[in-house]
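Q: Would you mind keeping the following structure in view while I ask a few things?
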Amino acid sequence: METRELTVVAGSFVGFQLLFSVASPRLSYALTPGYGRLPPTKLTEWNSRLVSTVHALIVGLFCLYILWFDDAVNANPVWGDPSLVKLNVAITCGYLLYDLVLLACNWSTMGDSFFVCHHLAALYAYGYVLTRGVLPYFANFRLISELSTPFVNQRWFFEVLKYPRSHRMVVSNGVAMAVVFFLVRIAVMPSYWASVFATFGTPDFERLGLGAQVAWITSCIALDILNTVWMYKIARGCYKVLTGRGGRKVKEGAEASSSSDRKYVNNHTD
């Protein structure tokens with residue numbers, strides 16, 4: 001890993017920590033009166049989700065720029081010049097390290113072994129990109145999924161502020177969440193896998209080695225299965241809200257899904 005990437009990882013870690021502990025509380029107090037009435041555990045999660053949203057927007061928009069304008073990566077998806085992709089991945093690695101520290105410091109209320117395993121696995125996978133510069137196109141393509149995260153976090157913000165589920169902003173955000181999730185995680189699957197299959201049997205693919213090949217393909221399959229399951233749950237919830245069906249079951253389902261939102265928004269290996 002080059003000095004530039006290490007600097008970006010460290011800078012992102014510090015920056016996200018400052019955003020969590022300094023900027024988010026001040027900004028939230030100024031813009032949202034209900035923020036100050038939240039219990040401490042909710043305040044911690046609020047600040048965490050605001051940081052998550054900022055990270056998702058930075059990384060997601062940077063991904064789109066690379067996809068549209070980085071000719072070197074698009075020309076050779078396996079071994080193309082990874083400079084910009086490594087910069088984006090380094091930002092995400094800094095975020096993952098920050099989130100691991102946050103989980104450790106708030107283990108009694110936020111701790112989850114699933115996230116620790118997920119974050120460590122993601123850091124391991126991104127290590128291939130940062131140290132070997134492999135698969136830049138595919139690493140970048142997967143990070144575009146972060147663009148759905150702000151809508152998930154916004155749903156939680158509305159819920160903790162006790163907005164009625166029938167409120168037009170809640171409904172609009174829910175519909176937008178379903179649409180964006182579909183576009184950045186489901187609709188892109190055929191294009192992504194077409195690009196993957198196109199590399200099979202090529203010298204560039206063989207050069208990766210078995211370890212990188214297995215880690216790449218198996219993680220993609222697992223993530224797409226999860227994305228499909230999540231899409232089904234989101235679409236079902238969106239349909240119930242729009243049609244007013246479900247009554248108490250809708251509320252209970254929403255509460256259950258709210259407890260799993262963090263799993264959804266921290267999916268950084270997409």
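From the backbone N, Cα and C atoms, a Cβ is placed for every residue, glycine too.
So TrEMBL has the following annotated:
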type	residues	note
TRANSMEM	6-29	transmembrane segment
DOMAIN	41-243	domain 'TLC'
TRANSMEM	50-69	transmembrane segment
TRANSMEM	89-107	transmembrane segment
TRANSMEM	114-131	transmembrane segment
TRANSMEM	170-193	transmembrane segment
TRANSMEM	213-232	transmembrane segment
Q: Restricting to CB pairs under 8 Å, which listed stretch, 6-29, 50-69, 114-131, 213-232, is in contact most with the transmembrane segment (170-193)?
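A: Highest pair count goes to 213-232.
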Q: Mean pLDDT over the domain 'TLC' (41-243): what is the value?
A: 90
